[in-house]
Amino acid sequence: MKLKEVLKKLEYNILNGNIEIDIENIQYDSRNIKKNDIFFAIQGYSTDGHKFIESAIEKGAKVIVFDKGFENENMYKDITFIKVKNSRKALAVAASNYYGNPKDKLKLIGVTGTNGKTTSTFMIKSILEEAGFKVGLMGTILNYIGDRKIYAQRTTPESLEIHKLFKDMVDSGVDYCVMEVSSHSLYLDRVYGIEFNEGIFTNLTQDHLDFHKTFENYYNSKLMLFKNSINSVINIDDNYGERILKEIEEKTFTYSIKKYSDLKAESVRLHSRGGEFTVDFKGNKEKINIHIPGEYNVSNALGSILACVNEGISLKVIKRGLEKLSGVPGRCEIVTMGYNLGYDVIVDYAHTPDGLDNVLRTARDFTKGKLISVYGCGGDRDRAKRPIMGRIGTELSDLAILTSDNPRTEEPFSIIDDIVKGVTKDNYIIVQSRREAIKKAMTIAKKDDVIVVAGKGHEDYQILKDKTIHFDEREVIKEIIEELY
């Protein structure tokens, strides 16, 4: 492909070489460079791609795109150097050009918020498929192209991978792509230049302050989605949803369980396996059943319903789509069904104060016996939330078992010490090994008790100081059942 075609719609200065040359592939990781590739030097979270420009050239890069700090271009007469204002934004535009601008051939629905992104995208996918569309999904758990699964490395990939996935979706006949859009991806321009048909806001609570530094920065990152959405679908039960309404001029639609809104849930009834509620949209009423418990999942369903109504899908089709979704991996997932233990074990991804609060309150509503929680906090992440989660877990549980959760480079007991600082009750024990903590809970549990294992959900790994090990809580719980019973 001609370099000038890759650089379409970009403002740039040619410092050396020319743009009439052919290039092979686009790369932002110098380790992947091959002969005649174009290398985009981007600032990463922990390292700066500009440090690897010379390494990329040695490996065969023909073109270097950068935005700062490289002054040796005159040393490389055969290399084309392109200076841009922002190499991350340039990468996003170039990636789209390189893959034939597949984003323009898809209808895109983006979901952002601290919690609820994954569940919402699975709900929307199920509804759209019930309406007869072929659907792609990008998310925390998996990427889907129709029924084909592609395992995800992070919530939102880099822009290069996004546009490659878009192309694969277009080539496979996908009509809609439903995306989890993280605050990182918005701030780091991974979704730069993408216009969404529907942008959905679920909620905003404390998380990622290790990255964003302040809550205001975190909010402003989320806000960016709605400046690039045709329709904005906003949860006004969340105070930040109310604020978004005041700050964006785009077409807005509201949903709520508690307030007057464009779409409101009425007659909400919750139970241990899900819930039911009625929606009324412009005089059309429909009773909806969902198979994921918790009031917060009624809220996730409302956002999904409203976005799909905006896309012209009837409430009857939406009802069928939601009722066909049996659950979402690692989201309030009861993993002991069929074992007849007398108690339930729930696995949930809750790794934020609000997420932990939600899942424990939901479990409490259907717990006849004692509620036991097993959780920790991730290492090298927002330390401020640790004592808050310590307080929430002990206040809402009869017994909290504090343990490890991806400690990364930190000492596990140091993280647990931070959690304990927020504890105001003495109903907790510390079991540093996550497997042993789960086993301890299952040893203690009696008839009608509920155990909530929070923090990892769908994850099948544990990140330690010097390695990542396989750790799937469903498998672990099954092994423990075989050991104990």
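Using the three backbone atoms N, Cα and C, a Cβ is placed for every residue, glycine included.
Remember, predicted model here, so these are calculated numbers, not experimental data.
Positions annotated as ATP binding site by Swiss-Prot: GLY113, THR114, ASN115, GLY116, LYS117, THR118, THR119. DSSP classifies GLY116 (ATP binding site) as coil under the three-state reduction.
Secondary structure from DSSP puts GLY455 (meso-2,6-diaminopimelate binding site) in coil. Here the Cβ of GLY455 (meso-2,6-diaminopimelate binding site) has 26 other Cβ atoms within 10 Å, regardless of which shown protein chain they belong to. Positions annotated as meso-2,6-diaminopimelate binding site by Swiss-Prot: ARG381, ASP405, ASN406, PRO407, ARG408, GLY455, GLU459.
Taking Cβ-Cβ distances under 8 Å and a sequence gap of 6 or more within the same chain, the neighbours of LYS222 (N6-carboxylysine) are THR112, GLY113, SER183, LEU186, PHE201, LEU204, TYR240. Sequence annotations record features per position, and here Swiss-Prot assigns N6-carboxylysine to LYS222 based on sequence analysis.
Here Swiss-Prot flags 405-408 as motif 'Meso-diaminopimelate recognition motif'. For the motif 'Meso-diaminopimelate recognition motif' (405-408), the residues of the chain that approach it from at least six positions outside its boundaries are 351, 375-381, 415, 434, 455-456, 459, 462-465, judged by C-beta separation under 8 angstroms.
Cα to Cα, THR118 (ATP binding site) and GLU459 (meso-2,6-diaminopimelate binding site) are separated by 13 Å. A Cα-Cα distance of 21 Å separates PRO407 (meso-2,6-diaminopimelate binding site) from ASN115 (ATP binding site). Close to the recorded meso-2,6-diaminopimelate site, the chain also has HIS351, GLY376, CYS377, GLY378, GLY379, SER404, LYS456, GLN462, ILE463: residues not among ARG381, ASP405, ASN406, PRO407, ARG408, GLY455, GLU459 whose Cβ is within 8 Å of the site's Cβ mean position. The Cβ of ASP405 (meso-2,6-diaminopimelate binding site) lies under 8 Å from the Cβ of HIS351, TYR375, GLY376, CYS377, GLY378, ARG434, GLY455, LYS456, each on the same chain and at least six residues away in sequence. Within 10 Å of ASN115 (ATP binding site), as judged by C-alpha distances, no binding-site residues are found among ARG381, ARG408, GLU459.
Cβ neighbours within 10 Å of THR114 (ATP binding site), excluding its own Cβ and spanning all shown chains: 22.
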